[in-house]
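Chemist: Below is the structure I would like to discuss, written out as structure tokens.
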Amino acid sequence: MLFTLYESFWKDEYWLPSGYTWADLEDSDGITYPHPKDLLAVIPTTFVLLVIRYVSERFIGLPLSKALGVRDSIRTKPIPNPILESFFQTHSKSPTKLNHLASQCSLSMRQAERWFRHRRNQERPLLSKKFSETCWRFLFYFCSLSGGFLIFYNPLNPALYWWYIMEISFYFSLLLTLSFDIKRKSNRGHHSHVRKKISRKKSLSSL
């Protein structure tokens, strides 16, 4: 069953131009062709980059933010209120009509507004976290750009393959951490950009 699915998935007509088969892409006479299995290196490389990201954010980004004077603002915690918390989690974080909610909790309108404002502030990422996350991305993009220039000015070698693998792995790592990363207004466009970059890197790595 699994073998049949495997064979159906890799049918020549699905992946190759008419008149070509996978046998035409077998390595021969010192000529090495790209193979789909080459992309398997993306899996471990993605997790390696996640570890490197954690280390760089923790031991480079955060200390650097303190050295540069980046300070997290002091936030007032809202008084625990199960009714308002339930509404905040399930309905709206910025309700426009608070009369009913305020009366349920025996609070004034001003107190209810203040509670929601303090609660929203708790959800906002700290400046130090923003800085450390941006620091990691800058570090990777800088290394990637530098490596790209060096590769293009040298003869083709395995370094080019690993450069593409690192690029694909980086964008896969971003997809894996979407739910943990800082939410930005441009998130939807950024997610689309990441998916397009992955598909583009895959197509280029197969050339």
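Just so you know, glycine gets a Cβ as well, placed from its N, Cα and C.
Because TrEMBL annotations are produced automatically, they should be read as predictions rather than curated entries.
Note that this is a predicted model, so its numbers are computed, not measured.
Relevant sequence annotations retrieved from TrEMBL are reproduced here:
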TRANSMEM  39-56  transmembrane segment
TRANSMEM  138-155  transmembrane segment
TRANSMEM  161-180  transmembrane segment
Chemist: What else in the chain is close to the transmembrane segment (39-56), if you only count residues 6 or more beyond its ends and a Cβ gap under 8 Å?
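Modeler: Distant Cβ neighbours of the transmembrane segment (39-56) are 135-136, 139-140, 165-166, 168-170, 172-173, 176-177, 202, 205.
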Chemist: Quick test of the contact rule: Cβ under 8 Å, at least six residues beyond the ends. What residues does that give for the transmembrane segment (138-155)?
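Modeler: Residues 49, 56, 60, 163, 166-167, 170 contact the transmembrane segment (138-155) from elsewhere in the chain.
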